[in-house]
Every structure is written in structure tokens, then in C-alpha cells.
Ligand code: IFM
């Protein structure tokens, strides 16, 4: 058991996302999102897996909140499914969709678990995908209308709002690499989408302020630390480009009101900036927020690769060290380095780790056990890195483990398990992994310590 102590006000939580857990894709007026479309197209996901049923959380939300209560978490981060709230092009709000989230909030309230709500975790309504998706600037306006509808309906019950989850994935995996919905492979589209996603974030925050909502609002970025594979100058330059692509492309506009010039120069062969970025856009994107959400999973080690036509960047598998089932290097020290960098270079606002966790090859034993010691060690080491930052005065306020339970891991379908709780997808049985018990004890121990102080 770890013996480091976080401040009593520090929040420990778990995180999920709508399409990854809810299922019930045709219920109570929900229409398809572009992830429904994408996952149903042959070859896009592992073994054709879809989110049709997922963890059936839509029907099992009450017992799932019971699991969270048993874990003892302070907070739960989940996302709202846009096509449940605004299912049709006529823009009408679907009360039955909102009611589901009201029931979920009721349940959380009963168990004294604080909600943190993400507005967009990748499930764009198909009716908007049909209008061009994030390539269409109007979609940013539609997002703002959706955000306002949700703020109005649930605003008094939600203390923490997150506009977007990982816009890098929405833009670059969705429109550039084609691994995520809508599955396009066009870098021009990806750059355009990234700008519209950021713009929609800014407009949603402005709308939130205009409504004089209580609570705090921010954005969650997936960020990393990029190391050059060698000391040679070409690799250092590659690391700079990779950092520009993964980190600075989002951090600079949000905190400095401009895109990084080196990346603008690089991307100029794909887009015309005058057409894409209208005069007030950058001020809108840099609208003050209340916190930054950080999703951290691994670092990158890169080298100069002339064969890569996009950034001239190659990724090196770490020469040694532990890997997760995703092939991601386990590197807790880079979490510490990332937090330090954010605070030194970008913001002194509160930071939250809105996701951190790992997929390992979990196996259910005959006596219903999952011995995921690797995940326990992963979490311990990352908690320690976060603690180091906090102990040095770093403004980190909370930590959400990804994920409460195994779920639909996008293109990897159900083949990668990130949960603290094991889900037997054939029966929907939830089984506590060793890591869940470890987290439960960790939280219990710190409660006891802070109440005896
Ligand atoms: O499952 C995803 C989540 O939806 C977004 N962040 C990364 C997780 C693990 O890949």
C-alpha cells in the first residue's frame, strides 16, 4: 500500500464515456452517432464490435453507481450522448434523453458522488456528420446549441463541466488517420476539424458564462511528453514537430490565443489560414476557463523519419520497460514532467488528471478473480508521480482513473480492458479486479487518515 498522502480536498474518481458504456443505442429517442455508423462498417473495429450494447449501463446505471459508492470514489466523470439530447436535424430537445442523465445524477447525489460531465466524447450525431461533421464550421454552432440545452437542463446539478474530451483524437484520428469515426484519411480535413472543435469549445464556454452558470468549466486534452530517440539534431527537430502536433496545437490557442507558428508553417501546404481562421476565432478559443483536464497514458519517443509524409516523425518503441496491452510504454515520470511543464509554460489554473489507466490482458479465474497486479502497480506509480507534483506545490486537484469498468475501446472493440471492474460482456456481470480493491483501500485509508488529523 502506498504511504503518500494527498490533501483532503483532493478528488479521486473514475471516468467513462457514453458510447463506450451505455448501449441502448435506439432507446428513448436516441438516433445514431457517427460512431454507430463507423463501428457498423466492416473492418473498422476489432471483430466488428460495436457499442450497441456495450456495458448496458443505460439500464444498469443504478447498480453501476452502487459500484462507485462501494469503491468510495469522490467523483464520477461521464459524458453525455449528444444524439440522445438532440436526435434530429430539427434541433428539438429530447426530454427522454435528458431524463436518463437526470436519473443518473439523482443516483450519484444519493451516494454523495460529485459528477463531472463531458459534453463531447466523440459521439457526433449522424445527422450532423451528414452535413460534413467537424469540417463544417456550422457544426461548432450546433455544438453550442446542444451545450446550452444541457447547461439549462442540468446546470444546477453539475459542478464540473468539460466541453471536449481529447479534441486531438476527434480531429486527427477521425479525419486524418481514419482510425476513429468518421474514418477519413485527409490531413486537410483533420486540421480544419481541429480548429472547429476548438472554436466550439470557446463558444460553449462563452455561452456558459452568459448563462451565469454556477460550477466550473474546462476542456480535457490528451497530452504527452515527447523525447527524441537520440541526441542528433534531426531527431530533436522531429520531437519538436511531434510535440507541436500532440500538445502545442491545442495548448497554444487555448492559453496563448495563437497556433504555434512552426506548425502553422508546416500545415500551410494543406489549408489556407485566412479562410479557416476568422478574426475573432483565436480570442474565442482562448476564453478563460476554470481548469485544464489532462489525459495521460504514455510518453512518445520519436526520430526523424523521411518516409513519413505527414510530419517526418517515426515512433520508437521504448527499448526497455513495461508496455501495456495497447503497446504503450509505462512511464510515470513523464506524468510528473507533463504536469510540471503545463504549470511552468502554460497555466497556473487547477489541473485535473481526467484520465489515467492501463489495458492489461486480464483473465477471469475459475473462482471469479482477476489478478491484475500490473494495473495496481501502474496506478501506484502514477499516483506517486502525481503526488510528487502536488507535494512540490503543483496545482493538481483531482485524479480520475480510466475506467470504472471494461468497455468499448473504440477501434479495439472489447479486446482491450481498461476497467477496475471486469465486465463479462456475455452476461453483463461485473467482477471486481484486484485493482478495484486496491483503489477502494487506497481511498478508505486516506479518508481515515484525513478524518483522524
Ligand atoms: O478509452 C479511451 C477514452 O475514450 C479516451 N481516452 C483514452 C482511453 C483509452 O484509450
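Positions of Cβ are set from backbone N, Cα and C atoms, glycine also.
Remember, predicted model here, so these are calculated numbers, not experimental data.
Database features (TrEMBL):
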- 20, 121, 165, 297, 402, 409, 410: substrate binding site (BINDING)
- 166: active site, proton donor (ACT_SITE)
- 355: active site, nucleophile (ACT_SITE)
Hey, which of the recorded positions 166, 355, 409 is the loneliest by Cβ count within 10 Å?
409
In whole Å, note down how far the CA of residue 166 (active site, proton donor) lies from the CA of residue 20 (substrate binding site).
15
Using the centroid of the Cβ atoms of 20, 121, 165, 297, 402, 409, 410 as reference, list every other same-chain residue with Cβ within 8 Å of it (recorded substrate site), in sequence order.
17, 166, 355, 403, 407, 418
Let me know the DSSP-derived helix, strand or coil state of residue 121 (substrate binding site), please.
coil
Distance check, please: Cα of residue 165 (substrate binding site) against Cα of residue 355 (active site, nucleophile), rounded to an integer number of angstrom.
10
Considering only the binding-site residues 297, 402, 409, which fall within 10 Å of residue 166 (active site, proton donor) when distances are taken between Cα atoms?
none
Using the residues the record lists for substrate (20, 121, 165, 297, 402, 409, 410), what whole-number Å value is the largest Cα to Cα distance?
18
Quick one: pull the CA-CA distance for residue 410 (substrate binding site) versus residue 355 (active site, nucleophile), whole Å only.
16
Neighbourhood of residue 402 (substrate binding site), C-beta criterion under 8 angstroms, separation at least six:
14, 15, 295, 355, 356, 357, 418
Taking the Cβ of residue 121 (substrate binding site) as the centre, count every other Cβ atom within 10 Å, in any protein chain shown.
25
